[in-house]
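Colleague: Summarising the annotation, TrEMBL assigns domain 'Amidohydrolase-related' to 12-321. Sequence annotations record features per position, and here TrEMBL assigns Zn(2+) 1 binding site to 14, 16, 100, 248. Under the heading substrate binding site, TrEMBL lists 16, 17, 18, 42, 137, 220, 252, 264. Per TrEMBL, Zn(2+) 2 binding site is recorded for 100, 137, 175. Per TrEMBL, N6-carboxylysine is recorded for 100. Per TrEMBL, active site is recorded for 248.
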Ligand SMILES: NC(=O)N[C@@H](CC(=O)O)C(=O)O
Ligand SMILES: [Zn+2]
Ligand SMILES: [Zn+2]
């Protein structure tokens, strides 16, 4: 049985590549299937200047295998002291594609993030004028708010008022995890889009907690109920151009996940495309996978469509990936989607 689906080479519009040995280990995993990626700036210290973004881009390119072509699209980490002129200059030079808003302490390496959105309004106004997109980790950090409600509360209390005040600001609600988030994006006329992750499309909160606690399924925003996963899958497979793939592949050493207080993040860049082909096939929407992974995101960012192709091939036997990938002295555990995957991503042509 050979069923080949040939699609435009995908882009990953939300990716963590880290730095050092981890960067060296995980970058080739993204290059295999993806032509470009929006690179998250939450390094330690964070990427807050155009010069730091340029240097980081150089380190990423040095980790790209010679046989691959991969374009890192850099972002700046917004802080309460971000200089709008610096951001605009980086954008004008083409090195900076967007700025990322992390509410302080919302997620991995977000302690330099924004404590009060009022404090960055002057930067956001300049971004709106210049057409620079704001990418948001959309969760409030108030300890009074239940962790499963933090995205919905962020939308109501932060995002919606912000968009009313600055309707021209282009916003990506990153890793949207709830029906509320999907409905909110759909309700907007223009200038609002959302990325959807591999793991939020594949898994729900039972996968973390039922039958034993599974630290490899812990990520932020945390996995939600099945009804939310269904809403995300419906959005991803709808063809609606406001929804596109951002894997949020976020590698942490296995030792930092399998511990009493484990890090948030799943490593999915290796197997995202086969997992997505399986999910889209399950709902008879394989014809929509190209829009979701390869067309919608590029259109939002005003990028040309990739000329390379990716072949997705149906297999007789389920896929087996290495359980872990070595990264220097550490290793990273590959995300197990929890269902058999009968697709391969093969013969990616770069050109
Ligand atoms: N998604 C995650 O669970 N973790 C990300 C940060 C983020 O995207 O929020 C990371 O950098 O580890
Ligand atoms: Zn995030
Ligand atoms: Zn992320």
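Each residue's number is its place along the chain shown, starting with 1.
Cβ coordinates are placed from backbone N, Cα and C, and glycine is handled just like the others.
So where do these features actually land, and what's packed around them?
Modeller: The DSSP secondary structure for residue 100 (Zn(2+) 1 binding site) is strand.
In the three-state DSSP scheme, residue 220 (substrate binding site) falls into the coil class.
If you draw a 10 Å sphere around the CB of residue 100 (Zn(2+) 1 binding site), it holds 25 other CB atoms from the protein chains shown.
In sequence order, 14, 15, 16, 174, 175, 195, 197, 198, 199, 219, 265, 266, 268 are the residues near residue 248 (Zn(2+) 1 binding site), counting only same-chain partners six or more apart with C-beta under 8 A.
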Colleague: What are the sequence-distant neighbours of residue 17 (substrate binding site), meaning same chain, six or more residues apart, C-beta distance under 8 angstroms?
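Modeller: Those within reach of residue 17 (substrate binding site), by Cβ under 8 Å and sequence separation of 6 or more, are 23, 26, 27, 30, 37, 39, 40, 60, 63, 72.
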Colleague: May I ask for the distance between residue 42 (substrate binding site) and residue 100 (Zn(2+) 1 binding site), taken between their Cα atoms and rounded to an integer number of Å?
Modeller: 9
Colleague: On the 0 to 100 pLDDT scale, where does the domain 'Amidohydrolase-related' (12-321) sit on average?
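Modeller: PLDDT averaged over the stretch: 97.
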Colleague: Kindly point out which of the binding-site residues 14, 16, 17, 42, 137 have a C-beta less than 6 Å from some atom of ligand 1.
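Modeller: From 14, 16, 17, 42, 137, counting a Cβ under 6 Å from ligand 1 as near, the near ones are 16, 42, 137.
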